[in-house]
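Here the structure comes first, spelled out in structure tokens, and everything after it is commentary.
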């Protein structure tokens, strides 16, 4: 290992956050992001070429970089990775060899949100629900967007963390009212199994709106989640009621997840939906519904704080933190933590 270059000693690394359409890249120096740029995946046959072009654009030499961490949408195992929403794939050995890397780390894209939560400052968070976070307990990260991402962050002491990715978006959707049940029945007719993600996602918000209109005998006026949100913000009563129902369902799912992982360190909300409708979310019944349950479980959650993550590039930040910890672990233990 060349300690003059690797991220564990304040050197230079490359960080990427790769989605279906765009790849965001940054340099990671001294545990900070620099030179952030967004490239279209369709413009490059292979991710290695996108990395080379990014470095050329920011005037940095590949020779100065020996570590790369890429956040990838989908389950990340030990083998090769194929992106589900674009034409790219990564053969770890070939990627390292072509770019001359000592270290390559691939992480799940939602896991980076959990890594980011370990590093965010007060100016990158908006409090939804007051409380007293316990520093030595787990934190929950939940984010409705294209799907419903769920993960947790465990403190290990001495500034070290463990991220536990999961598939919590696929738990059963909780039903607590007659209205919930009516919506759930319609969702079951559409999909069979009704997971939390069937409501708590972009497609889920649209489905909730369509079903609610059908139940109330009101014409459908939106064809996308963005249009539902726009109608709600413009004062449409039906769309606003649907958005409120969405936020209440998020409160129940988040509360259940917090109980499951013991998230007394707090709950962090991310994803593409809640930050977009932040003011409406803050005015919703989320804060009360989060801990509104039986006597014992309600008391357990009563002092758990909830925040919205507002950092501009949490995926890149989280990937940088993940790489930093992996390199530090290698240096400390001598056991390789990267490919």
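We number each residue from 1, going along the chain as drawn.
For all residues, glycine too, the Cβ spot is worked out from N, Cα and C.
Listed in Swiss-Prot for this protein:
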type    : residues               : note
BINDING : 16, 17, 18, 19, 20, 21 : ATP binding site
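Other C-beta atoms found within 10 angstroms of the C-beta of residue 21 (ATP binding site) number 11, with every protein chain shown included.
For residue 20 (ATP binding site), applying a Cβ distance below 8 Å and a minimum sequence separation of six or more within one chain yields 41, 73, 83, 84, 85, 86. Cβ neighbour density within 10 Å is lowest for 19 among the binding-site residues 16, 19.
A simple way to gauge crowding: the CB of residue 18 (ATP binding site) has 27 other CB atoms within 10 angstroms, across all the protein chains here. Cβ proximity to the ATP site centre (mean Cβ of 16, 17, 18, 19, 20, 21, cutoff 8 Å) flags the following additional same-chain residues: 22, 23, 24, 41, 71, 72, 73, 86, 109. All chains included, 26 other C-beta atoms sit within 10 angstroms of the C-beta of residue 17 (ATP binding site).
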